[in-house]
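Only one structure is covered here, and it is reproduced in the block below.
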Amino acid sequence: MPNASSWSASSPLLLLWEDSSGTRIFLSLLYAVLAISGTLSNVMVIYLVFSFKKLQTTSNAFIVNGCAADLSVCALWMPQEAVLGLLPPNSSSLRSAEYRLLRGGLLGLGLTVSLASHLLVAFNRYVLITKLPSVYQALYQRRHTGCMIGLSWALALLLVPLLPGLWTPGTAQQPPPRQMDGSSRYTALLLALAVLGQTALLLHCYLGIVRRVRGSAKRVSVLNFHLLHQLPFPAAPPPPRRAQRRLSSVSVLLLCCVFLLGTQPLVWVSLLGFFLRPAPPALQAASWLLLCALSALNPLLYTWRSEEFRRAARSVLPRGEGPASACGNALDKIQCNTKTSVVHLTLSPVQLLVYFVSIKCIIAEVRFHSLC
């Protein structure tokens, strides 16, 4: 049984250790579905942010950074794993140590930058909601934002050469050893603790946002952070409705739950293998599946509640002109015309007084001419 005390020991989905061809084909199909959906969603988010000026905010810059990192996993690494699962066990591609090292480097680079981007997005939103606008503007200048993004990639590039074995899966001919040296085991432990620390910081940021939004007089949707161009706030918006605050809190908690579901199983499998005994291969495979699925779901986590992203996507994606869409367009026009007429008919008290005095003067003048 493979040793799960290190991430190098738990090969992604364990495709190369499976004896059953049916299981290998099924896992390869899962890889292919995740690769296609993740590539399309990440490319779509990057295209929308670069194409629409309203979406070019600091928070979205960190989201695009995470999407670029997820592309290295979804577009470059997952397709290779899907193909390798369909190859025979004695294939020469599975024996090449250099090729295994390249695949491990792609996986480690993408996952490291993606996890760092999650934390950057959470901290950006925490400062935006809980701190003064002047503090946010001073911290998130364009130069500082670029440095933060560059540091995330620099950190990943430093970790990949230093820790090549962590992300390098075993093969059918060379399975991971049962007993690993102390350095690899302790390195896996340190990385697991680092992911736990990153998760704790992320939860602290989002739970702080939830507490602030619940007790704030501002109507702020914690997933729609398009407020950079509005800082400093010119006037206090109306108090939020209770349903709006509850919906915002549920959205943030849902994001946190999805992130925990994607990252924590692999962390605790590694800790279990370090302190107690290796986890079953099926549990290792499930933990890697969840982590890979997180790279494909990241774009939806940050854009599904954003009205600006939905409008941008509707303007780019082709729309059908069927009866339903025509009826919807007609209703939108009627509502727009009704709102316009109501706006034109709504007069201020001063205008009403002027019109009333003018009408009185006209009536008096008509009576005077009739008497004459």
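Yeah, the Cβs are placed from backbone N, Cα and C, and that goes for glycine too.
Remember, TrEMBL labels are computer predictions, not curated facts.
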> According to TrEMBL, which stretch among 100-123, 220-243 corresponds to the feature transmembrane segment?
Replying inline: 100-123
> Taking the transmembrane segment (282-304) as reference, which of 25-50, 62-80, 250-276 has the most Cβ pairs under 8 angstroms?
Replying inline: 250-276
